[in-house]
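*Asks:* Mind having a look at this structure? Questions to follow.
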């Protein structure tokens, strides 16, 4: 490609160069003064619009996750208004998880066939970003999900007052519904108008091999065969279990944060939301830091194990500091827990993409999410039962033990970095 004559306004810089022996044809008989032609360098481009696509996805994801937690964080107010038990409010969170499990399979098939990448950060990052930015891009995509949870934690307690007048609560709830409807409508219009599934050219050698539009993609194995490849990948199955356990614990804590905090600090509904906000904001920072570390070091196994182990430590600290009498301490320990526990999300996505390459990222990360929902349902139900029949200490210690098991499982995962190896092989074969 002649870079001088090409249109460079659409991209920032060339990423990786490689060459092909087929870029020129060698004469059958070479004259004495023959000078071999130098193979043309193939340039992988990253487009400026990738950031707009990523940001749009992040806000879309935020609007989704915000609605997951908006009732649970004001559980005591909603139960008062509707006259139902706490269990019904817990189900507003769990129904999100339950429906995801059967729908992820047709959803992943559709994602694979139509190259429609709205639902999964790892897929978007792989399709649009180069090898030195893909982990960071994935972390920003997960950042959107965390942003929505943060909004879901902090806004409902501020918008819906804990009043003895049910009419006041009903009016506040109506305004909250109106805000959510307006936001999602605007985002829907922006997605229809501006979201683009993929760039004109692949951003990396790995994406050229396995990405949409490649020869390999045209001859791609069926969706069911891809699923078979994934479930027979031992390392991926270990990650599937450990990832599901980590995120499942996060779902349980998020769903039942309201009754846990209000037990020790009655009347602090707004603080409960802000503590949830602290968990998620620190997790956003953890996600970005983890993404940068992965892009710089490519130490996927080590980073995954380290973040997981610190999540477990954070859970133990959180479990035994709720009753200190100082809500400031709860803010601090919850932030520590969030930095590692929610910071783990993009790390798990990227590690899965490495272990399963060249299987579609949408399928591998989709199954990770399905595993999270399964463990989320189990752990949320378990946590609710232990909280009501025993104590918050028992419930939190049980979750901490689950994270110990998850850390051990993670330690047994081999560092089989297939996507990184594809990049290395491309450089060696086409220097």
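The backbone N, Cα and C atoms fix where each Cβ goes, and this holds for glycine too.
Nobody curates TrEMBL annotations by hand; they come from automatic prediction.
Got these off TrEMBL a minute ago, pasting:
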- 51-74: transmembrane segment (TRANSMEM)
- 94-122: transmembrane segment (TRANSMEM)
- 134-155: transmembrane segment (TRANSMEM)
- 175-195: transmembrane segment (TRANSMEM)
- 234-253: transmembrane segment (TRANSMEM)
- 273-293: transmembrane segment (TRANSMEM)
- 305-322: transmembrane segment (TRANSMEM)
- 328-347: transmembrane segment (TRANSMEM)
- 367-387: transmembrane segment (TRANSMEM)
- 393-413: transmembrane segment (TRANSMEM)
*Asks:* Between 51-74, 175-195, 234-253, 273-293, 328-347, who has the most Cβ pairs under 8 Å to the transmembrane segment (393-413)?
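*Replies:* Most contacts with the transmembrane segment (393-413): 234-253.
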*Asks:* Could you check whether the transmembrane segment (51-74) and the transmembrane segment (175-195) come into contact, where contact means at least 3 Cβ pairs under 8 Å with the two residues of each pair 6 or more apart in sequence?
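*Replies:* Yes, the stretches contact each other.
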*Asks:* To the transmembrane segment (305-322), which of 234-253, 273-293, 328-347 is linked by the most Cβ pairs under 8 Å?
*Replies:* 328-347
